[in-house]
Amino acid sequence: SVGFKAGVKDYRLTYYTPEYQTKDTDILAAFRVTPQPGVPPEEAGAAVAAESSTGTWTTVWTDGLTSLDRYKGRCYDIEPVPGEENQFIAYVAYPLDLFEEGSVTNLFTSIVGNVFGFKALRALRLEDLRIPPAYSKTFQGPPHGIQVERDKLNKYGRPLLGCTIKPKLGLSAKNYGRAVYECLRGGLDFTKDDENVNSQPFMRWRDRFLFCAEAIYKAQTETGEIKGHYLNATAGTCEEMMKRAVFARELGVPIVMHDYLTGGFTANTSLAHYCRDNGLLLHIHRAMHAVIDRQRNHGMHFRVLAKALRMSGGDHIHAGTVVGKLEGEREVTLGFVDLLRDDFIEKDRSRGIYFTQDWVSMPGVLPVASGDIHVWHMPALTEIFGDDSVLQFGGGTLGHPWGNAPGAVANRVALEACVQARNEGRDLAREGNEVIREASKWSP
């Protein structure tokens, strides 16, 4: 006779283990689970643990050939979400050995690969992941990190300034380079390729790289500052992406750029390794993130994508703006900004941080505030993001009635004024606009 009965069995018998003590090497996940009516929360939580680790819908005889106790994911805690009917946070612990070392791709394939289409769940959202040092240490992480970047650029004690070149599609390479030069000459540290600028018929990548490099060197000579332009190396194949990164390095420019979600984590990690080996900084754009993180009840929170990027590698990443949005959102955004920059981040549910995260010595990533911001937001941005950030004004630079260079000057003057006022102990939240008004009187 066989040692088990055929048929569908309850997951919670095997995968719901409230007495489990989590190990330091476990990867922990917090899922927001919305079960279908009639499905008990323990069963839903256990189903998530099972389907994202060793489980399948029935018992198979090959289960006897492995040690489930050693390899199974475990749902070790379930708590109702306050104010929501029939919604729970399920905490799942995964043994370290379920994941390939140094592969964000494999981490996501396992944890979020299959389980989101599961019938017993109405919706499922991955809110946070605790990455143990035992796993994070298998990644290179950011090519350089915040401190090394400051040393390379020789810029200290203030946020960095950027600008996306607009109109994002349609300019010729020559005119594009001209806009880059004007912005950098006016006082910005960086200009940026838009995320959808790759290599289109109106502007091929090689021409753009060339004219942008010319703009960078000209602006550097005239200002005596180090300048950069995020040359977007994203391409249709990994080989083509690497070809573009190599060409950028041959031109001697300081930084390239990648769209890490559309390009994929495998491509991103390869590029990050190349960037460290060759002294290039890497700017990361999060195109496609809202497809994954916009829904409150389903998908993945951006803080998970941010942690994944820190492991995969990038020196800058776009992180929203916080300005003009709701207060609660500010706390949550600052939560994942800290996850990007700091070595050790305490668990704090009010900021959406479900687990204490210890990055040990992995370099940090500079958060980039970009999108719909302009010079009058400068006091708030300086205060919220602090010095370790990149503030990007696209239309807020190029939309200046006098032109690109005066737009760049305005941003730089405002930034320097805000930083100085803050260092003198003035309250930017209250006096910010006044600070900028005073500065503009003396600005050329």
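Glycine is treated like the rest: Cβ placed from N, Cα and C.
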With Asn114, Thr164, Lys168, Arg286, Ser370 listed by Swiss-Prot as binding substrate, identify the candidate in His229, His318 belonging to that site.
His318
In angstrom units, rounded to an integer, how far apart are the Cα atoms of Lys168 (substrate binding site) and Lys192 (Mg(2+) binding site)?
10
Of the recorded positions listed as Lys166, Lys192, Asp194, Glu195, the one whose CA lies nearest the CA of Arg286 (substrate binding site):
Glu195
If you skip the near sequence neighbours and keep only those at least six away, which residues in the chain come within under 8 angstroms of Lys166 (active site, proton acceptor), Cβ to Cβ?
Asp194, Gly394, Gly395, Leu398
Just name the most isolated of the recorded positions Lys168, Lys192, His285, Arg286, His318, going by other Cβ atoms within 10 Å of its Cβ.
Lys168
Are there residues of the same chain, six or more positions away from Glu195 (Mg(2+) binding site), whose CB falls under 8 angstroms from its CB, and which are they?
Asn232, Thr234, Asp259, His285, Ala287
Since the record lists Asn114, Thr164, Ser370 as binding-site residues, which of them has the fewest other Cβ atoms within 10 Å of its Cβ?
Asn114
Where Asn114 (substrate binding site) falls in three-state DSSP terms:
coil
